[in-house]
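Q: Please read through the structure below; I'll follow up with questions.
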């Protein structure tokens, strides 16, 4: 089987480095290029010591030179959108782990997939446990009408609430089909997080954390808590590998890893 050639955008970031390390360990995936605004040399040594790959801040140049099948993007929305447009113009499939996109930007990404006849997946979270957490929260939403989401991340995360928290609330509302219950009285509404049709979403940013989320349901005489904890970025890699392998066989736009898992 011919290896899938992959370029990593955001290669010097922590997620980008983890992706490169994983690509080196996978028999059917081949890292062929790296892009980052901090690139200062034309080549980036691979984590396993097997050689080096083209490295530049100029995405178009790297794509032209390496002709990859897939670009993996873990950056920020402000940097990601221009890169997505460039990669789509080069007919490169995309696996996007960046969060913080506006609804308008998501619509543009979907249109880019159609116009350029490529596959694009945007996933707020690649941890399989987190995907299952959202699925379980959806199931609970069918029966329990009061819920809140608390997401906790490291203090360097720029967007809040997290993409996973927003996707969780949206999935819960879609499954329930109506708004969740709101408290009858709130004296300090600004202390209650961001509201999404009755679901309050709270964000915590502290050093020492990585990525954690819990969904708490309440009903008369009981509560249900569904929680996921990510202790290292390694937990995201099986989902990233799955997305890379699937997106080369997919045309169009996919939002969420759950679609590939068929949950």
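Yeah, the Cβs are placed from backbone N, Cα and C, and that goes for glycine too.
Just so it is clear, the model here is predicted, and its values are computed rather than measured.
The active site, proton donor/acceptor annotation in Swiss-Prot covers 153 and is backed by sequence analysis. The active site, proton donor feature in Swiss-Prot is assigned to 157; the stated evidence is sequence analysis. Swiss-Prot lists 10, 11, 12, 13, 14, 15, 97, 98, 99, 123, 124, 125, 126 with the feature NAD(+) binding site, giving sequence analysis as the kind of evidence. What Swiss-Prot records for 38 is NADP(+) binding site, and it gives sequence analysis as the kind of evidence. The (S)-2,3,4,5-tetrahydrodipicolinate binding site annotation in Swiss-Prot covers 154, 163, 164.
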Q: Have a look at the recorded positions 38, 153, 154, 163 and say which one has the shortest Cα distance to residue 99 (NAD(+) binding site).
A: 163
Q: Quiz question: given the recorded positions 10, 157, which has the greatest number of C-beta atoms lying within 10 angstroms of its own C-beta?
A: 10
Q: Starting from the Cβ centroid of 154, 163, 164, which together make up the recorded (S)-2,3,4,5-tetrahydrodipicolinate site, report each further residue of the same chain whose Cβ lies within 8 Å of that point, ordered by sequence.
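A: Leaving out the recorded residues gives 99, 124, 125, 151, 153, 157, 159, 162, 165, 211, 213.
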Q: Find the one among the recorded positions 10, 14, 97, 157, 163 whose C-alpha lies closest to that of the residue listed as 'NADP(+) binding site'.
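A: That would be 10, nearest by Cα distance.
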Q: Give the sequence-ordered list of residues that share a chain with residue 14 (NAD(+) binding site), lie 6 or more positions from it, and have CB atoms under 8 Å from its CB.
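A: Residues satisfying the criterion: 233.
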Q: For 12, 99, 164, listed as binding-site residues, tell me which one has the smallest number of other Cβ atoms within 10 Å.
A: 12
Q: Once the chains shown are all counted, how many other Cβ atoms turn up within 10 Å of the Cβ of residue 124 (NAD(+) binding site)?
A: 24
Q: If I take the alpha carbons of residue 126 (NAD(+) binding site) and residue 164 ((S)-2,3,4,5-tetrahydrodipicolinate binding site), what is the distance between them in whole Å?
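A: Pair distance, Cα basis, whole Å: 10 Å.
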Q: Considering Cα atoms only, can you say which of 153, 154, 157, 163 is the nearest neighbour of residue 97 (NAD(+) binding site) among these recorded positions?
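A: Closest candidate to residue 97 (NAD(+) binding site), judged by Cα separation, is 163.
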Q: Which ones, of the recorded positions 10, 12, 153, 157, have a Cα no more than 10 Å from the Cα of residue 164 ((S)-2,3,4,5-tetrahydrodipicolinate binding site)?
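A: Close recorded positions: none.
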Q: Looking at the recorded positions 153, 154, 157, 163, whose Cα is closest in space to that of residue 12 (NAD(+) binding site)?
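A: Checked the recorded positions 153, 154, 157, 163; minimum Cα distance to residue 12 (NAD(+) binding site) goes to 157.
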Q: Given residue 154 ((S)-2,3,4,5-tetrahydrodipicolinate binding site) and residue 10 (NAD(+) binding site), what distance in Å do their CA atoms have, once rounded to a whole number?
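A: Per the Cα atoms, residue 154 ((S)-2,3,4,5-tetrahydrodipicolinate binding site) and residue 10 (NAD(+) binding site) stand 18 Å apart.
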